[in-house]
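What TrEMBL says about this one:
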- A:CYS86: active site, nucleophile (ACT_SITE)
- A:HIS203: active site (ACT_SITE)
- A:GLU205: active site (ACT_SITE)
Amino acid sequence: MKFGVCVFPGSNCDYDTYYVIRDLLNQEVVFLDHETRRIDGLDCVVLPGGFSFGDYLRAGALASRTPLAHAVVDFAHRGGLVLGICNGFQILTELHLLPGALLKNAHLRFVCKDVYLRVENNSIPFTRSYEKGEVIRLPIAHGEGRYYVPEDELRRMEENGQIILRYCDADGNVTEEANPNGSVGNIAGVCNREGNVFGLMPHPERACEDLLGYHDGIILWHSIVNV
Amino acid sequence: MKVRVLIMPKRGLLDPEGRAVKEMLTDNGFTVKDVKVGKVVELEVEEGTDIKKLVEGFLINPLVEEYIIE
């Protein structure tokens with residue numbers, strides 16, 4: 001497979017993502033500059049974590065108005081796989097490729113820790129190597145990760161299987177205590193109706209090697225490659 | 001033409017920033033019913049600019065924010 005990693009001014013997980021794809025997955029990967037106008041010849045585009053354009057105005061707002069962001073929309077509409085991690089997730093909601101919005105954490109603190117997540121749907125290309133209902137552990141690091149979507153839209157998303165990951169405890173129970181940011185329904189990751197666009201607040205690229213104490217993240221990357 | 005856009009979080013949505021400010025004011029002896037924190041964007045644009053299109057398309061997220069043009 002051939003991957004592209006988007007680079008906006010302020011992206012800071014671009015090299016981590018590039019490293020995982022090239023060195024751990026052994027796949028082809030290129031960086032995509034924020035002025036890129038057309039995406040061709042790629043199978044999967046990743047919007048990495050960071051603070052694009054300093055998160056001025058709102059997280060992801062300025063990045064979502066760049067030529068590259070428009071090219072990502074076009075790529076997604078042509079059926080390409082698009083993965084947004086953290087700031088990338090925020091950009092995807094600003095682009096309306098994913099429903100909802102990401103707001104300041106309910107407790108107003110930047111949160112940087114490990115969380116447990118329940119895989120609610122493993123039928124999309126990004127999660128098929130997990131078991132449905134499996135509990136995984138990934139790190140989070142964000143100040144604006146409170147997922148919000150109006151109630152009627154949330155119901156539609158649940159019916160369509162668009163809720164992919166929920167914050168939970170170690171046993172897989174979705175509790176208020178396990179919710180690190182006040183997200184509606186403990187939601188940590190959602191996809192579009194077609195399942196080719198996926199956004200999540202946790203960082204799977206930081207959980208790919210035992211050296212770092214993690215390996216649950218690499219399964220997500222394997223899912224993409226094993227489509 | 002100078003335009004001032006006042007952007008506020010939508011009513012009914014949790015505004016943790018406003019809540020934190022309210023708590024600080026309360027701790028300092030003020031009786032404050034509610035606090036909302038938003039932002040102001042000042043623009044200098046050409047006459048005839050479609051301000052509504054500019055604001056709704058680029059400055060706010062209508063899902064979570066509302067605005068007033070001054």
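Going from the start of the chain as shown, residues are counted 1 onward.
Every residue, even glycine, has its Cβ placed from backbone N, Cα and C.
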In this structure, the one of the active-site residues A:CYS86, A:HIS203 whose CB has the fewest other CB atoms within 10 Å is A:HIS203
Taking only the Cα atoms, work out how far A:CYS86 (active site, nucleophile) lies from A:HIS203 (active site), in Å, as a whole number. 7
